[in-house]
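Working notes, beginning with the structure itself.
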């Protein structure tokens, strides 16, 4: 049984749970027993003996040895007490070495007191053990107190249990360092106890090993488990001694309980190993170092064992009493120190008791929880077992059904095998008969083929001659093509020449007429040449047509051959399809895997039969191929003859068609002559038109010349400097130019018409040439057709003779083809039977291969599971890499957030700079225009916008990367789903393999875990997307705020520009108004001074000053000066008003700066609020993730349960599908049986044919009978011919012997027929038996007749001798 089987796994889980529960109970029972023991110890406590300072070093050494030998096993502890009991009597030598300063009276009193205490404690513990054994079986083994040290397995030896409290006090000194180990005693004790239980079960199987281990364990000092120190008064000095006694009693009880099961098995081994144990004990006593208390305990044990040792000890005690008194005094000194240590230990014990109470409460809660969990697990276990039981019953039912179907299929297969054997026998007999017939037919075919081969040789020679003629014709065609190319070149040269002539035709009309005459002559010569060329072309075309027709005939013959080949291929395909059907049927018949071993044997026999059949078939195939080749030769001969006939028929048809074509050609010639006449008339008309156009062209040229002269005159007139005539002649010039343009247009149209007419002339000349050539070719064709008509008479006689020969050959070929088809059908039947056998063998081989493949699949499934595990590991690595990438992306996002913050800081700095610049602008409005500063601000803002666009691009790239990662996750999910499907398929295939089911479930769990990880990654991606969207929103808000700030800046800039423009315009207007006023005033003041208004104001003022000074020199007055002072005051007031307006504009700019600062502050406050909200949302997301994870765990648990149910359903469906397959196979077998029956009917038909042949042979025998009767009559009538008959007797005997052989053959065939028809109907068998009986009777009758004839002959001879 494997570990991962379901039944073993179900049993193991509850057993582990039960052991854990018993461990918890054991710990609690231990604590309760410890309290009871403490109460008993308080009653009987006494002061222990003192210790010496010299023995402390020895105790430390013993502690080290005990620490080395702390992990003693329970199986060894069971065997060690016997060793001590056997060797107690012999330990006096070691006892005398250690000094024992005690009197005999003290020793005896101590022994009595201890015996009484041990009896009381044993009685109390026996009662307690009986109670616990009734409550639970395991509590009796777990009565030990909770230890403080790290050694949880106490030894069960009585010698180690009787150690005195001197050693324990020394251990209590180190109790401060070991309080940490008290908190978890139960946890450290559980694995050791489990190990002890496993070892106790295997004690019976490991006796020899335990005996060897005991030798080693005796050499090492045993460790006494330390116990809790009770709360006792300082006056109770003997409490430690009583505690040891209680521990000894407990250990004895535990030993009694543990040894009750194994005493019987160990008595035999202890007797065998007694001597070895004694030696080991002596060696151990020599090596050990005892304290006084330990030595006293050993002596008491030895006293109990033997009385002789008591006398020896009394003598030794008298001698050493003085030394003991000194030691007692030293020990009393040590008691004071020990009491102080005991007080410290009491305080520690109080603390430990409080901790114990807290641990008890904790353990109570844990036990309650464990009980609830165990109850739930038991319920689930029960439901699971019920489900498994139901599924197991269903599977058993399905197996029973499957076995029944298998048995049915085996019975059917056996029946089919019997039928196959019968069919094989019938096939073998039929093949023998067919081979004999085929041999005779082949001889006939060979003779016919020899004749046909001779005829083929003659026709091949004729074909070679025809090919030579064709080659000559092809050479002539090539020459004609060359001539055509040369004619085309000449034609192109003529076209070029005509174009040149048309160009010269425009220059002079008289030369044109002469040239036209010359051209006509040339055209006639060319036309004659072209007609010659056309005639040669037509001849070549006729030859080409003949060649093409011959090639078409050949192509038709090849097509017919291809059609026949295709038909044969189709027949082969049909046969292959039938063979494939038979293959599938035979494979379905032999699908049972149970027959694999039997079929191997059958395959070997059938392989031998197949080899024989294949050899025979190979011979038949060779014969058939030779026959097919001969047939092909005959068919080629036929085709060649038919082609010749077709040629002759074609010639006759061509001759008939040529007569019709002659008539058509004559008609077409008349039509073309009419066309030529019409074209010549059109040419003449067009020539007249060209002459007229040329005359008009000359007239227009003359008019142009006159107009040009007039234009020159007008230009001369224009050159004259008379203005009134210029205006009058303008109209005339315009009219003249219009006329000139109209005439130029007319000239152009006339030229175009002339060119079109020349082109038409050239085209019509070409058409004339073509028509002339066609006429000449038609005339030549007429001549050739007349020649062919004269040759027709000679061809017709040849055609008739050839047709007769062809009809004869066709009859022969048809007979040969029929014979071949019959043979092909026979061979096809044989091939079918052979292929059926090969299919059976292949099916058997396939079944064996399938059985092997199934065995290999079972091995491959384990490898697939391993591969899936490796794939899952790879997927885990991919998931880890994805997580690392996500972490990197998160880091990048954080970095980008920091960059955004930095950019926001830069934006704040820029806004502050903008404010500073605005302030500077307000200060420098009078000096520098505001437009340049606004442009700087716009450039900076544009730079910031570019940075923001870059950030947008970076964010979009990151979003794309995240989208790609999401796609990768989706692909991972799809792969995981595919892995799920593969795992489910593996489950369905491995329903029978319980060992691999556990592994597949583990793989599903791993896949589910990976899906969880993927889901968590998707959630993280969604969170990151949300974070990205939030950051986008933030960025959008910041952009909107920046845009608002930009809009505010733009509005302020526009306002400032408008105001500056307004102020500038107003200033200019004011300045202009002031300048105008000043001029007017100055002119009013000095009316006699006048200056031009186009001069600038400054020049005007300078000039006016000069003029005014000159004027003032002449006339001076004080009143004018006063008026000027008043005007200056008014100008100063205007200047003050302008300054006030500038201050107002500055205040407006300051207000806009304040608005921008407020916007920045609001933006920063909103950013802080958003950050707080983001942190709160992240906390909420973490909480939601934790809750979602818990819900996902529950959902996955439910999914696993659902998957288990689905697996059971799938198993059921799989079994149902197997049943359906079995039913389908059964139906296929039935159909195959029907087909085999059809084959049997066909074979019966063939046998009937053979039976008809036998009847025919019987008729021949009857004819022979008639002949014999005629011979007898002749013998009776013609006695004179007896001498001749006597000479012909040996020949007649030979003929009779041959007849008897033939009759024997017929009888053998009849027997074969009877043997082959084992499975036929009863009527056929009766008929054939009657035929055989009749044949035998006829043969007997013939023999009697022969005997009578011989007797008559002998009598005739005797009579002849007597006559002589």
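In case you wondered, yes, glycine gets a Cβ from its N, Cα and C as well.
Here the structure is a predicted model, which means the values were calculated and not measured.
As given in Swiss-Prot:
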COILED    315-1085  coiled coil
COILED    1116-1306  coiled coil
COMPBIAS  46-56  compositional bias 'Basic and acidic residues'
COMPBIAS  73-86  compositional bias 'Basic and acidic residues'
COMPBIAS  121-135  compositional bias 'Basic and acidic residues'
COMPBIAS  170-179  compositional bias 'Basic and acidic residues'
CARBOHYD  202  N-linked glycosylation site
CARBOHYD  267  N-linked glycosylation site
CARBOHYD  623  N-linked glycosylation site
CARBOHYD  638  N-linked glycosylation site
CARBOHYD  704  N-linked glycosylation site
CARBOHYD  775  N-linked glycosylation site
CARBOHYD  976  N-linked glycosylation site
CARBOHYD  1061  N-linked glycosylation site
CARBOHYD  1088  N-linked glycosylation site
CARBOHYD  1094  N-linked glycosylation site
REGION    46-207  region 'Disordered'
TOPO_DOM  1-6  topological domain 'Cytoplasmic'
TOPO_DOM  30-1364  topological domain 'Lumenal'
TRANSMEM  7-29  transmembrane segment
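Taken together, the residues in the topological domain 'Lumenal' (30-1364) have a mean pLDDT of 66 on the 0 to 100 scale.
On the backbone, the CA of residue 1094 (N-linked glycosylation site) and the CA of residue 1088 (N-linked glycosylation site) stand 19 Å apart. A 10 Å cutoff on Cβ-Cβ distances gives residue 1094 (N-linked glycosylation site) a total of 7 other Cβ atoms nearby, all chains included.
Distance between Cα atoms for residue 1088 (N-linked glycosylation site) and residue 1061 (N-linked glycosylation site): 39 Å, as a whole number. Neighbour list (residue 1061 (N-linked glycosylation site), Cβ cut-off 8 Å, at least 6 residues apart, same chain): empty.
In the three-state DSSP classification, residue 1061 (N-linked glycosylation site) falls within a helix.
Around residue 1088 (N-linked glycosylation site), taking its Cβ as the centre, 10 other Cβ atoms fall within 10 Å, counting all chains.
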